[in-house]
Amino acid sequence: MKSWLRHYGYAINTAFRRLAQMPASSILNIVVIAFVLSIPLVLSSIVTALEPATQRVSVNPVITVFMKESVSLKETESFEQNLKSKFSDSIASTSVVSKDEAYASLRQQPEWAESLETLKTNPLPHSIIVTLKDSVTSEEAKGIAESINRDNLVDLLQFDSEWIKKLQSLLNFMRALLGVLALGVIIVVVSTVFNTIRMQALVQRDEIAVARLVGATESFVRRPFRVFGAITGLFASILAIVFAKIALMSLNGALSEFASTYGINYSLELPNFFYLLISILIVMLVASISAAWSVTKTTKF
């Protein structure tokens, strides 16, 4: 145990010394890796924030039911009561709009007034506005709409769920993009660390060769470089979190203004601590493996 601690203590000390010997190069590499890491981090935050919108219809939980022209106002009111009883767990409120009320409302709108003047009779049907509870999911709302539409008294039903489908498709695309970006990040981390370690190993090639000749193991030779790669990954990950936080703060300003126009409150936040910790460990592991691979390839006899 003491020997293990001594070896890693030496490796950590050597790694920090090499960082200090090339501050400009080390900082530049860390910044480049951090910038690349921050991109999927921001995208992940956006996907996480938008996810609830595909599960709920709270932005527009309204179904408008247009009755057939032959259906009377009394029948419409009776149908409304049946809906409230049948879907009591899902409906927040209902409202009957008679054809006369709808006609009067349209006549108050300049773009419709002139057209309605040319009609001899009121062409509008009675309708029911069904407001769903915020807890209703998009699938439940779709099922309710389909059930109402099957009734013989109903002529037309308006329920715009297309925006939910489009948003879900967008999120699926963003998840796929996130996977591609993650692969790209790994490639950037590997190539950056590989080239950095390669330059260091070339400078110290003779020193490494002598160490091998006097009995140094491959683990002993690679350990300082592996630790250097891991430290680079650690610093880059922490800086990436800072970059992502700054980006999210900027985006939140624009998002809150946009969301307020719809009466909703959205904010982009960094993923939870566990997610960030796992991500940091993965980056450190990838950077460490890349460093070991680089020094082995560069200093091979």
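Sequential numbering from 1, following the chain as shown.
Quick reminder: no glycine exception, Cβ is built from N, Cα and C everywhere.
Look at TrEMBL and you will find 27-50, 176-197, 227-253, 273-295 tagged as transmembrane segment. Marked as domain 'FtsX extracellular' by TrEMBL: 63-154. Per TrEMBL, the feature domain 'ABC3 transporter permease C-terminal' maps to 180-298.
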Residues of the parent chain within Cβ reach of the transmembrane segment (227-253), under 8 Å, 6 or more residues beyond its termini: 8, 11-12, 14-16, 18-19, 26, 29-31, 33-38, 41-42, 45-46, 189, 193, 196-197, 200, 267-270, 276, 279-280, 283-292
Residues of the domain 'ABC3 transporter permease C-terminal' (180-298) by DSSP state, where helix covers H, G and I: 102 helix, 0 strand, 17 coil
Confidence summary for the domain 'ABC3 transporter permease C-terminal' (180-298), mean pLDDT rounded: 81
